[in-house]
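Have a look at the structure below before the remarks.
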């Protein structure tokens, strides 16, 4: 009914509606293909980088320099037999990886790669949409642990739920601090605000940027916080019973979330598609190039940490999230807000709301 009302109100005819639907469909398909390729080659980059750090060669047989290795891995997983445990809940067992995979892609619909390159611009709730979508991804893991009817999988799912409680508050509040400084919830406006407030969003937000980065390490179950899938304790955790494309969906979902978390960090703390320090001399380079370079830099830190640090104990993660990060973020929000008020540097949008 709403669609019909919009068509009548805006004077759209059937041809225009079909054309617009076709354009949106092409954009969605192009975005999904680019994300799948980026995710596949992130796994290749990870294996190469870690191999270099460990004085190994890494994948080098499939194609020149091993560049076809992700495609070979994808073909292998497609042709593997999907095995479902006899006592598993069949429907939930199949649905769980689909939930995780779809939600990992859904957040990309509002990410601005450049000022004019964004699938769907949400002016008010872009940040809330991403936080909601990424937080729902844990339900896929919990369902997988329950449906597998395995003790290892169930323990991995319980760990994932408790882990989310530990880091989610600190991560969300670090984003709230950025919203206070910019006075915006539109992702593009947050990037544009960093043209006029580079000191506030780089130097003042640096501690929160570090906390946010560590939180997305936990969010994506990466070392040193890969407790839900700890090989030495839980074999493979929540996905221990999965094979074939179901396992591939969990695998792709994890790496797609890595790219999504790195992209959001780039937008919040690193200037998004703007050149470094907003230097005029570098504006001739397209914004999406800067965006990709910054995201790649954050992703390299993911890989570097995996090759360097051991796994945290479970109690250490809980302590870090709730007793270290949460008080620091709350204190930093109070400090930044106080400085903004007493230095008359409140953003116009926030000042208007407070004056009312």
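Think of each number as a place in line: the chain as shown, counted from 1.
Placement of Cβ uses the backbone N, Cα and C atoms for every residue, glycine included.
Swiss-Prot has this to say about the protein:
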- 22-42: transmembrane segment (TRANSMEM)
- 59-79: transmembrane segment (TRANSMEM)
- 93-113: transmembrane segment (TRANSMEM)
- 124-144: transmembrane segment (TRANSMEM)
- 171-191: transmembrane segment (TRANSMEM)
- 198-218: transmembrane segment (TRANSMEM)
- 240-260: transmembrane segment (TRANSMEM)
- 285-305: transmembrane segment (TRANSMEM)
- 321-341: transmembrane segment (TRANSMEM)
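Spatially, the transmembrane segment (93-113) is adjacent to the transmembrane segment (171-191); three or more Cβ-Cβ distances between them are under 8 Å for residues at least 6 apart in sequence. Listed by sequence, the residues of this chain that lie at least six past the ends of the transmembrane segment (285-305) yet keep a Cβ under 8 A from its Cβ atoms are 42, 45-46, 49-50, 53, 113-115, 117, 213, 217, 220, 222-224, 258-259, 262-263, 265-266, 270-276. Long-range Cβ contacts of the transmembrane segment (240-260) within its own chain (Cβ-Cβ under 8 Å, at least 6 residues beyond either end) map to 35-36, 38-40, 42-43, 74, 77-78, 80-83, 85, 88, 93-94, 97-98, 100-101, 103-105, 107-108, 111, 130, 134, 137, 140, 144, 148, 150, 152-153, 156, 216, 219-222, 234, 295, 299, 302.
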